[in-house]
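Please see the structure below; I have some questions.
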Amino acid sequence: MAKQTFEMTFEGRPLVVEVGQVAKQANGAVVVRYGDTTVLSVAVMSKKMATANFFPLQVNYEEKMYAAGKFPGGFSKREGRPSTDATLTARLIDRPIRPMFAEGFRNEVQVINTVLSYDENASAPMAAMFGSSLALSISDIPFNGPIAGVQVAYAAEDFIINPSASDKEVSHLDLIVAGTKEAINMVEAGAQELSEDIMLQALLKGHEAIQELVDFQNYIVAAVGKEKAEVELFQVDADLKAEIEAVYYDQLAKAVQVEEKLAREAATKAVKEEVLASYQERFAEDEDKETILRDVVEILEQMEHAEVRRLITEDKIRPDGRRVDEIRPLDAEIDFLPNVHGSGLFTRGQTQALSVLTLAPMSDTQLVDGLDPEYKKRFLHHYNFPQYSVGETGRYGAPGRREIGHGALGERALAQVLPSVEEFPYAIRLVAEVLESNGSSSQASICAGTLALMAGGVPIKAPVAGIAMGLISDGTNYTVLTDIQGLEDHFGDMDFKVAGTRLGITALQMDIKISGITPAILEEALAQAKVARFEILDVIESAIAEPRSELAPTAPKIDSIQIPVDKIKVVIGKGGETIDKIIAETGVTIDIDEEGLVQIFSSDQDAIDRAKTIISDLVREAKVGEVYTVPVVRIEKFGAFVHLFNKTDALVHISELAWKHTEHVEDVVKVGDMVTVKIIKIDEKGRVDASIKTLLPKPEKNEDGENGEEHRHCCCSHHKPDHHNESVEAPKKSDESETKE
């Protein structure tokens, strides 16, 4: 195929698609140019059905550092494992694409997106989502798209589609919505406590833009699309299914209605094992034994799926006996752990999450280096899902895509209520440990995170709670479920997570298994979630009504001091020598920003005070008129040097020692004497003159109107020589040995 180019203008930027020039051996490939962002999207499919009992779809999103004119970090100086942002973007693309393949499709499919050129004002993730859908749509892969996605911002009471970098800075909303021309099928959002009405408007506004992008894709597919390949779909033997249903359906249906999770799992497992054992014995010598047994396992899964959905839609009975809008039993507890900076334990039915708070100096913020300009990330929310939480053994290691995604959702939900750096100058890390799970563990981690933040004394604006909504739909009728458990998530059509405060929504995430949902379903789910959210907030606030006024004793305390910018180098010292010495002596952590704000962290207040005094002395400057009680550190013929602070000394000229004539400096002061002096002069070089006599009573004048002694031996200050320049004179800044005397 020769290169073909298609172009439209979308939201004020050119959107150009090139087909037929690159990656021609793949099933489908497109180059998408949006503004100055360029993404190559490629789709490939295996020739045969995979043996897995699921659809093996893999979506990758690769950020090449050259796309932004940047050099990769690290020793190898090349791209390594995907960044967290790249992993989250891959999930964003996967989620709206996955429902668009036929039931029973088991061929392996890979969709690879490579960012080749990056423009921060033209969304690369949205270009990649568009390119992924289009690469699948023009290929011979049987994909029931196209889909598209857009980013929506909200500022000045207006919605902005695919906002620029400057638009994002002032936006109260960061929403990504994807779908087909007919309906929405994926949502991901962070919001600053926006109402359900505004969120719904944003979703509908985004869907309008999606329709325009889908039309453009359909136009391209009509021009260059390949005929779809004939692939084998996984199907069970119809006669075998009818036979098993006739004998075992009622038995399995009864097991499904056992309310407690572990007991229900044991009951359904017993039925399935009985059926499987029967057919293993029956077909022990059959050459198609493996295929038959595989079908038996799939049929039993389909039977359980059908009965759970029938109970909810027809009988309005949920597996655990709840009403469709009923939340499982709730419990909230703080201070579960000693010696940490804050902890919260949240339990909802058989789902339980422990959240642990750690506070640290701002120097511990995470440095994020991707295609965007490098920045520091202050708040981290990490989510861990060990296999024991569901009573199973399994792999332990680095977090997978699911854990990264759930952690990011909690981070978005809670970030909206955190105090500013000016109000609370700490780096903040929350770790959610899922201890038990029967669905909605990500939302439990948000609730536990709220408890940990408030218990740890972080002055959040308001508590945040999260709830997961579900959907069972037969295409005509539907039922929206509040607080879905694992079985309802597994066999249901939607997982719609809503987090927020009493004022509004802070995060949304929606995944579905059908092609899309209507605005009416969205509206009902949001309204039902609001009621549930308030009920959960009541329980959270019964455990702790507001953030504690003080940090935990183990948490680092903080004090700050503002220093002149030109004094930063004084505090740091050559090669960091001075600041390292302060840290070693006091045990504190010190952060200094480019504007001279010095922040001192330690769990020991005395250590903070010592460090603050040292720094204050380092940058302190004497002022005319100030009075000090200080030691004499040096004697010269022309006067005495006194140590004011740090490395700053002052000269008390011999004429400023006393009102009467002084023949020898030692007649008045000696090294080591503590004297009270007043600063009388600071010259243009910063040299300091002080006086003792100005603080003493002045002698009465004689009959001639003069002070007798002073008149006979006049040594007036305005005529006295500049002894600061004499070779025997110690400099204004004494060495450290003198300072310590």
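Along the chain as shown, residues are numbered 1 onward.
Even glycines carry a Cβ here, placed using N, Cα and C.
Pasting the feature list from Swiss-Prot:
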- Asp489, Asp495: Mg(2+) binding site (BINDING)
- 556-615: domain 'KH' (DOMAIN)
- 625-693: domain 'S1 motif' (DOMAIN)
- 695-741: region 'Disordered' (REGION)
- 698-713: compositional bias 'Basic and acidic residues' (COMPBIAS)
- 723-741: compositional bias 'Basic and acidic residues' (COMPBIAS)
Fewest other C-beta atoms within 10 angstroms of its own C-beta: which of the binding-site residues Asp489, Asp495 fits that?
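Each of the binding-site residues Asp489, Asp495 was scored; lowest Cβ tally within 10 Å is Asp489.
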On the three-state reduction of DSSP, what should I expect for Asp495 (Mg(2+) binding site)?
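Going by the DSSP assignment, Asp495 (Mg(2+) binding site) falls within a strand, counted as strand.
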What is the average pLDDT across the domain 'S1 motif' (625-693)?
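It averages 93.
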Going by DSSP assignments with H, G and I as helix and E and B as strand, what are the residue counts for the domain 'S1 motif' (625-693)?
7 helix, 36 strand, 26 coil
